């Protein structure tokens, strides 16, 4: 709440009245920055805001401190028109560019028809409408987004007006007619006749009917077919044959128009290929008599997913996860801290999100409205990992580099693996030190941004994803398709090479399997002026730049080499057929080739004879007098296009078996030659050797300057050394492509319902000509005609070295000049959308509106679909008031600072704004406006003029109402797809809804597919040292994905209670659905439960009841806990080690709860990847304390970090001697210590919601917060409540009383009856109804004692229900009181009810603190009648807390914890494997397999490992007598031995009033602290 007017200091009025008498500086400062004295009065300040849960229940110190704690524990304290748009993207003739009335009329007619068809389909489907991606004059068919399995029915083929029942009764003739109607809505009689008699068609149509096969696919060693039946013509019915004919005719018509093919052209065939550029792109190649055609459907953006339609006025919070490609913590040097000016070894961590068009940098993952940096990827040139050899100032790890030689020596391997270990272990606080890790850079037109990643795997992942996004933005048209046409007359030469040879050891393994081939087509770049050809000025500039570069590399090149380009196509199948067909085409076109060669030679002569700029002029009309096909391409031609080829060029050279055809050879009559040679032209084939001779893990080859100058790709000969290799290298990766066939009818819909003449309009022609990056970029209409190039981008070389146009001084001068006129602008209100004729704020100058809109789009990295509504000048209240400009867009409220040196920016989606209202300003001179944001603090703005504030309020409310009315029917462009937690308005789902929508499941599955693809890329890189970003096609015929060729054997190892095992069952079921084998190894008590879910079971030692009793008794980490654990569980630990080792035999991947303590050692012995997963903080961080050492009051980041070090040290001291003995005797491994275990580097999965446990920015890349792993056992559906319970709840509702749940599980307390009495009294005083689950008991309880003392009688306001399924009960009540376990806390949050937590032990203290911090509940430090009564009243009546709990529930229901965990497993699998390989290499290097010796390692006390700790370890002292471990006497805390136990001494602790649960003795509430100086 803002301060009242009467609280404003009178000095403020005086300051305002005397403003005109002050100097210019005072007038300026008073207008820019309001007086700051209000900061101490404004309760809305973050420092003064009342913390949720910090209510009377906790503020009354006497209530909780003076009274007895009754509960004191014992001893404790798709789109249908995508391909169609591609087909007719270029069908209009150049003469039609100006447009005409007929074409515009046809466009309007077809647009209306398409709208009717689309609305008809939406009404038929009766399903939620998918969001549409940004599109330019094309539409998306919702049916494509449906699950593949759901589309395998005949309903897709039914006419628009028929339902399923009617369609199923149609006779064959009617069904044929429906097929015709579906494919040809205009009932083209000529096409129907042509389908019946193909001889009536043109040559091209007849050839397509004969040779086009849309489902052409064959199984290979690297491509597996799933559920695909390849039928022959004999097996097809007449209906199927007719459908194929109509479909092929439709394709022929579109191919002819989009590629400008002649009727006399002949279609030879279509083939599946991979285009090799900076990505490996899956696609198709068409061969005709006159051209080589390539096209592909790029993957659709996944922000097409939306929630279901809701009722008017409601809403549903839906974040922008559909638009997020990757997110995580990265280091970055920013000007904010002087990092870009001063070279330091430090960096600062930020939260970075990669989206479809931007990279956005935030301070933390919880503050996504105020970005620090926005990088527009539409202006991005390239992204790459920085190698130390290329940039010595980047400070990457010096130890991770590739040797100059290709062969790997054992000595180099030893140094590399050893250094990799040591570098990883040097990090103590990862938030600042960047001596390890890797840098990568993102180069844009204006600036180069550098980011620091913790591992090379993470850096590669970021770079690969950025490269894929940039490729799609720069190399596709607005319809998300890649198109290329190479006229045969422009082809200079082509050759076919084998990618892999036949190695000696595998020469017979493949039998008759066809080997992959690469087709290299060399053609004259921009040789023909086509639809996508460059303009004269751009062609001249690009040819000049590229020729200069090539001349520097190879001064002896011929002119045709300088003007040529190479395109590489990888064919896993049909390589020989493609080559022979291309030979046949060339032979048939030899006459055209001669004509072309004459023209080409004339160009060469001009180049060699002329000086100046005329030599590279574009072709003139005189050149066009000869009829030749026109070149078409959406691909860029920059010099970074073939980075994969460049990588392969760096590999060692060898001879290859090459088929080569050089069209420019003078040895034949028509300039053609067909030969079989040993040319090394195939750079792709060099990929083979790297697979058979892998480079070192993480290696990056250091090259000398001479090596860096790679040979020109146009050269055809060079001396090489050959090594033959079969496919076994790729097979050993155990990954393969899997293709599943889509429904034929769904494929047909991609070619139907067309807008025949839509591309004839000038606007559509321009949009289809531009790349997606330019099509989505902010633009202003210009009277000059735009160049016809596909990108309209400057050549990268022209802006790479550009310096800033304005110096720092000039920019400051401009800022001061702007500020001098700021008072005249304070009252400026601008409307860019006219409200009515009397709108005085509306800017009527069209050009001015366009300029302002473009600036708005550019400053916030929006695309050109975002519209500006209004703008204002105001102050936004943050830590200090910041003056700037507010922009109201159609879907966002944005702000940018106008103060020099202040870079505050805000992008707030309107979808997250509940409402806004007027408030009084900080003083009389200002008028306030407050924005109420869901799940966020209120945002305050202050205006110097009241009329501006009132207009801003009215416009925001108007836009909110407009968005609510539009609801889900608004296009995706009106939703916030770029920033923040955006979504769509609809009715809030009730808290009882716990199921996830199918769209969210699809999104999670899509992310898993990308994770598998990333795993495959990692495997290729580890095996070959090549960075190969792979882009899979979104084909209408097949769905291609990467899958492991064999099932992995997962072992999930955990100990503890039922709550510890349940998440692993949920994860195991998810892995089973992925096709893997899963075994859970845990206590025998849970065997029946686990096997019942279809998961294999293996038993390990331990009694969960005893473990729980120990934890409850001691509450948290303490000296008494360590003593009792050592005395009682030493024998159990040995059994745990032995049984766990036995249970993990045969595993491929081990996932372990770190409480089991054995996973790292077993994985090292088995040589398998190892991943940790847990429900509480276990990673070193400054954000959260260790779950077992939670202080009563927050002590800051340094304390939090040291708690993790303390716990790691204490736990290792307790088990180190037994573990080391077990390693030597059972595992055959050497002794280890905490330093070499490097637990910090192990991949970690937190099965906690990121809403409750937001990932910290100092988490390393391999730590993932996935969300809760909920196990849906159907208990809510199967549970039958008793009649008494139903009546009790109905009566409470009838009496208008709140219903709460109270249950603490089976805890043991000092006095159970007193606890029951306190609960009864609290419930009665709070006037609520209680469902009680009484499971607690006395420490000294016995049957005789229980009979002697009567049980507490429960009043009618309390119903003792016993155990009830949480997922059934919690959605039906108003609040819950429990002990704070991870599972119970997640259940209450998912149900959306406020939670009261009374922690007893372990992580319960952490969750109590977190629930209170996020404002969704209350944490009770002491439980008694008074405190519980106050908490119950607050939880059932605090509207803010209730609303917060509901909002958290909405977010939790959108999470897919299990699927997110599977995605993370795939992402981190190769990194986890590399850690184990490094450890094994270290053991091998020191010959430590027998465990007889251990290398000397200097380590500090926190890692010190002493064998004297174990009295039973005398036999080991002799073998280790010669080994010495140095101790550092300057540690932060000391370790003292007392009865073989460890006491932690922390000198930084203050007085005993600050209770710290770290070493209290049983029954003592005060912390025992030893003076560190003694």
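Glycine is no exception: its Cβ is also placed from the backbone N, Cα and C atoms.
Annotated compositional bias 'Polar residues' per Swiss-Prot: 37-48 (among others), in sequence order.
Here Swiss-Prot flags 37-61 (among others) as region 'Disordered'.
The annotation region 'Disordered' is assigned in Swiss-Prot to 102-170 (among others).
Positions annotated as compositional bias 'Basic and acidic residues' by Swiss-Prot: 107-121 (among others).
The compositional bias 'Basic and acidic residues' feature in Swiss-Prot is assigned to 128-138 (among others).
Annotation comment: Swiss-Prot describes 139-148 as compositional bias 'Acidic residues'.
Summarising the annotation, Swiss-Prot assigns compositional bias 'Basic and acidic residues' to 149-170 (among others).
Residues or ranges marked as domain 'GRAM 1' in Swiss-Prot: 253-288.
Here Swiss-Prot flags 323-471 as domain 'PH'.
Under the heading region 'Disordered', Swiss-Prot lists 389-413 (among others).
Annotated region 'Disordered' per Swiss-Prot: 538-559 (among others), in sequence order.
Positions annotated as region 'Disordered' by Swiss-Prot: 651-722 (among others).
Under the heading compositional bias 'Polar residues', Swiss-Prot lists 692-701 (among others).
Residues annotated as compositional bias 'Basic and acidic residues' in Swiss-Prot: 702-711 (among others).
What Swiss-Prot records for 712-722 (among others) is compositional bias 'Polar residues'.
Here Swiss-Prot flags 774-806 (among others) as region 'Disordered'.
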* Structure fact -> The average per-residue pLDDT within the domain 'PH' (323-471) comes out at 71
* Whole-number Å value of the largest CA-CA distance among 1057, 1058, 1060, 1333, 1364, 1366, 1379, 1382, 1383, 1384, 1403, 1404, listed as UDP-alpha-D-glucose-binding -> 23
* To do: Tell me the Cβ neighbour count for residue 1057 (UDP-alpha-D-glucose binding site), meaning other Cβ atoms within 10 Å of its Cβ, over all protein chains shown.
  => 19
* Asked: In sequence order, what residues of the same chain, 6+ apart, have a Cβ less than 8 Å from the Cβ of residue 1403 (UDP-alpha-D-glucose binding site)?
  -> 1175, 1176, 1177, 1187, 1188, 1380, 1381, 1382
* To do: Mind giving me a neighbour count for residue 1060 (UDP-alpha-D-glucose binding site)? Other Cβ atoms within 10 Å of its Cβ, every protein chain shown.
  => 24
* Structure fact -> Reduced DSSP state (H/G/I helix, E/B strand, rest coil) at residue 1060 (UDP-alpha-D-glucose binding site) is helix
* Secondary structure of residue 1383 (UDP-alpha-D-glucose binding site) (DSSP, helix/strand/coil) -> helix
* Structure fact -> Simplified to three states, DSSP reports residue 1364 (UDP-alpha-D-glucose binding site) as coil
* Structure fact -> Using a 10 Å radius on the Cβ of residue 1383 (UDP-alpha-D-glucose binding site), the other Cβ atoms enclosed count 20
* Asked: Ranked by the number of other Cβ atoms within 10 Å of their own Cβ, which of the binding-site residues 1364, 1379 ranks first?
  -> 1379
